[in-house]
């Protein structure tokens, strides 16, 4: 006789960081409630939850929305413990937010959570105008992903509901990734 055992969803904590007004909260609300918030309300801290299936496994995501404003620099790191993955966000329409990925956010999350995987997220994809120097290009995003050793880059639009599912699937995959074996030779002590 075999028992039919159903695995319960694996809980994961995903913490979202980035400059204020890059669209972190809109991304979370649109993803979890399937509605785009038209009004901007600055976030101090907020939590959202949802279930997701990735690669034939169920997960329960707790999504921690953090404040990007400098006023909350001392409070924000209190949300970092037990994080399984960071979504490091910048707005495709803001070069300053993109530059802050490397100068502010990457150093901050590495200081508090050195080995937690990161998915780099370019928000407000719907605003990009091709061949405009004002906007961050996909190539620049890919280069930044390599420089900060992020698991992946996903560009999305909360307003158009474009690539939102992929953002959270990649966060789960970043947590579940297996270390790559570079050599099959064993260590020998002589």
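Cβ coordinates are placed from backbone N, Cα and C, and glycine is handled just like the others.
Segment annotation: Swiss-Prot labels motif 'Effector region' over residues 40-48 (candidates 22-30, 31-39, 40-48, 49-57).
In the structure as shown, the Cβ atom of residue 21 (GTP binding site) sits within 10 Å of 17 other Cβ atoms.
Around residue 66 (GTP binding site), a 10 Å sphere centred on its CB holds 24 further CB atoms from the protein chains shown.
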